[in-house]
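Now, the feature entries from Swiss-Prot:
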- 11-38: repeat 'HEAT 1' (REPEAT)
- 103-137: repeat 'HEAT 3' (REPEAT)
- 145-181: repeat 'HEAT 4' (REPEAT)
- 190-222: repeat 'HEAT 5' (REPEAT)
- 275-303: repeat 'HEAT 7' (REPEAT)
- 320-413: repeat 'HEAT 8' (REPEAT)
- 361-395: region 'Disordered' (REGION)
- 372-393: compositional bias 'Acidic residues' (COMPBIAS)
- 421-449: repeat 'HEAT 9' (REPEAT)
- 461-488: repeat 'HEAT 10' (REPEAT)
- 501-534: repeat 'HEAT 11' (REPEAT)
- 583-620: repeat 'HEAT 13' (REPEAT)
- 628-678: repeat 'HEAT 14' (REPEAT)
- 694-725: repeat 'HEAT 15' (REPEAT)
Amino acid sequence: MASTWKPAEDYVLQLATLLQNCMSPNPEIRNNAMEAMENFQLQPEFLNYLCYILIEGESDDVLKQHYSLQDLQNNRATAGMLLKNSMLGGNNLIKSNSHDLGYVKSNIIHGLYNSNNNLVSNVTGIVITTLFSTYYRQHRDDPTGLQMLYQLLELTSNGNEPSIKALSKIMEDSAQFFQLEWSGNTKPMEALLDSFFRFISNPNFSPVIRSESVKCINTVIPLQTQSFIVRLDKFLEIIFQLAQNDENDLVRAQICISFSFLLEFRPDKLVSHLDGIVQFMLHLITTVNEEKVAIEACEFLHAFATSPNIPEHILQPYVKDIVPILLSKMVYNEESIVLLEASNDDDAFLEDKDEDIKPIAPRIVKKKEAGNGEDADDNEDDDDDDDDEDGDVDTQWNLRKCSAATLDVMTNILPHQVMDIAFPFLREHLGSDRWFIREATILALGAMAEGGMKYFNDGLPALIPFLVEQLNDKWAPVRKMTCWTLSRFSPWILQDHTEFLIPVLEPIINTLMDKKKDVQEAAISSVAVFIENADSELVETLFYSQLLTSFDKCLKYYKKKNLIILYDAIGRFAEKCALDETAMQIILPPLIEKWALLSDSDKELWPLLECLSCVASSLGERFMPMAPEVYNRAFRILCHCVELEAKSHQDPTIVVPEKDFIITSLDLIDGLVQGLGAHSQDLLFPQGTKDLTILKIMLECLQDPVHEVRQSCFALLGDIVYFFNSELVIGNLEDFLKLIGTEIMHNDDSDGTPAVINAIWALGLISERIDLNTYIIDMSRIILDLFTTNTQIVDSSVMENLSVTIGKMGLTHPEVFSSGAFANDSNWNKWCLSVNALDDVEEKSSAYMGFLKIINLTSTEVTMSNDTIHKIVTGLSSNVEANVFAQEIYTFLMNHSAQISAINFTPDEISFLQQFTS
């Protein structure tokens, strides 16, 4: 039913004025308008007025009298975006049910009728999409939702491109809801699919309509709905026809995506057509001018190679066709060659422009990812360059990179077959007179390094010296790529061929001072990879002084952009080696000098804060003279960011600093705590329990929606509990425990796993040092619920930390685990599996001490298997200070002596047992 609402002219004019003033460059006018807008938002008809200005803003007679055409168009777009924002997030006026939406539902589609104004039609499409995602999903019985879908389909049938674009956005956000019943018990999915099929089958529709329709269908494929499955053969028939006949790039790109989705969800339907599909993709890669299409085709080949649904024997016949084309597309295109040749001059002396510096988020150190409390970066991509196969970290994803990535995965899967085809080709071109051929060849070698390592084995002793020579090549791209490729061979060098380490790493270190910035960047990244992959003893013995001296030179020589990469390398170096007095004298002064020159709002602080965090932690008490100044500034930045964040909830005009300022400040403070230990207590708590500001700030940070903020804050909390007087935390203990519980119970996002790990780790330290008393029942239940769950897959590092924390809780309250959910052989066995691999003696000892207290208190009616007893003895016999809890061990052995005599132990385990039986 059409809305009978009509706007009041004075309100329309008033709102139009506010919209214009909200965009004013004058802050006073803008702020006053924002305040007035907040009052306007309280009116029930607010959304209707915004919609009216969006769709009638250029035809309303009153508005035309007061505004120019340009102002009217700007106002329409502003009204549309405000309408969209008013339906989203914390500003969602729909959920409050206090605002009339009738006019919006009945008339918003009119914004698509006049498609001459692209801005207005695009904004209208966004509003319609938002209306579906925030209102119609929850109100599927509202007939206007179904009516709007049919109107969009009808408009598309008449050639209206904004309508199909709106449908495409709606399908992307809400496709799964169209499987459900809407008004009149109708399931819209069938009508939608039939319409999309009709649009893509008819060549008379525009390329935009055809491509967007395929895009709509692509949102349905992963859902595997019955309505699509029964139409799948029809879709395949149409899509194969399009692949043969439709030469439009927009359509072809979507066809490639369709095949990629089908490969993932219905590979059985593609197997008999793979010859044609692969040839189609190779044809696109080699012939189309639009690189986006070629990238999508190459993405299919990448998916084809990595799909768990495609056995190796099916992929193998295509290697001979795919690999040569991948190699050919790894050469820079003509335009890039011209640009690179024109910019080969030295540029290291030129200052970087701020706009040329890509924002770099801090390298988050997952400090507590292992239960032993040490750094554990297993879940991180240690080699930052692996995401950019050609090392071009400043350019967007392109065909060259996609080809290199595809060659990489194919070499990992079928190394022998790929090498047989690729290596003769590469050997022929290694000495090419054309620099871009040499560069692409070196890129290919790097791309194949991981998978083909053992097949390279015979040739690498000759190949490595050749690559080192290329560090002196006249052309900067060749030198740059050589740095990256040599780093890819670092595992081969470091594991079994250390005789190559000095001949390779010394020239790369020398290349740090290259006169071309791109080469500097590649060299420092390569050095960082070698540091990361090498044993600390190797770095300290062979390269410690040389790296310190080189870092010092680089700190003086590098410009802004490469300093960011350098900070990361120094941070990795500090994590790997125990820095000494020499390091403090060489690299600390320039770091502190740069730190002092940067403003609190400079984004260059992010990597520098992370770097200083690692350096402070490594230097330990030697960092003490600088600690007060460094801490005070980090604390000031942290407080400022948290304060602005809180104020922004009341005042949306406040610009909130990026979360990275909070994360890096927390990490630097934590680095000081780790490095200085108890000596840093007076920094954080200068008045003892009289000033707990840092804890109040941390409580705010632990409620931040960004996982990395909470992750860093839990790490700091754990270290405060570990190093400082426990009385400092007791006053806020209940609040911290509630937030720890919330993290463990409700953070089920895989990206948030490190935050969960740190929360559990912190809880373990708290329970070890502070008697949880009345909180122990609730906290143990939270831990056990996750430990014993069989409804989800628990990350191994999470399980490890859960196990350690159970042990630590058992130190003071073994009774809560000696009966109930934990008290059975299966859980004990699982506990041992998680804890036995720990290397940290202190952590493992405290975990086992608490665990044995629990076991010794458990009723003898609960039987323990020989396998579990064996695992306990295995765990106790290595990396454990048994003398600290010898009585608990003795009691356990006595209680299970009959079973122990029947178990076959290793010599080390027997030696351990003899300590308690002799």
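We number each residue from 1, going along the chain as drawn.
Just so you know, glycine gets a Cβ as well, placed from its N, Cα and C.
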* Asked: So how many of the residues in the repeat 'HEAT 5' (190-222) end up helix, strand or coil by DSSP?
  -> 28 helix, 0 strand, 5 coil
* To do: Mind checking which residues of the chain, 6+ beyond the ends of the repeat 'HEAT 10' (461-488), have their Cβ under 8 Å from one of its Cβ atoms?
  => 332, 340, 344, 383, 385, 390-391, 430, 435-436, 438-439, 442-443, 445-447, 449-450, 497, 500, 503-504, 507-508, 510-511, 514, 516, 518-519, 521-523, 525-526, 529-530
* Can at least 3 Cβ pairs under 8 A be found between the repeat 'HEAT 13' (583-620) and the repeat 'HEAT 9' (421-449), with each pair 6 or more apart in sequence? -> no
* To do: Given the cut-off of 8 Å on Cβ pairs that are 6 or more apart in sequence, determine whether the repeat 'HEAT 14' (628-678) and the repeat 'HEAT 15' (694-725) share at least 3 such pairs.
  => yes
* Structure fact -> Reduced to three DSSP states, the repeat 'HEAT 3' (103-137) has 29 helix, 0 strand, 6 coil
* **Rounded mean pLDDT for the residues that make up the repeat 'HEAT 15' (694-725)** => 96
* Asked: Near the repeat 'HEAT 4' (145-181), which same-chain residues lie under 8 Å Cβ to Cβ, leaving out any that are not at least 6 residues past its ends?
  -> 105, 108-109, 112-113, 115, 121-122, 124-126, 128-129, 131-133, 135-137, 139, 187-189, 191-192, 195, 199, 205-206, 208-209, 212-213, 215-216, 219-220, 223, 225, 227
* Structural state census, the repeat 'HEAT 7' (275-303) (DSSP three-state) -> 26 helix, 0 strand, 3 coil
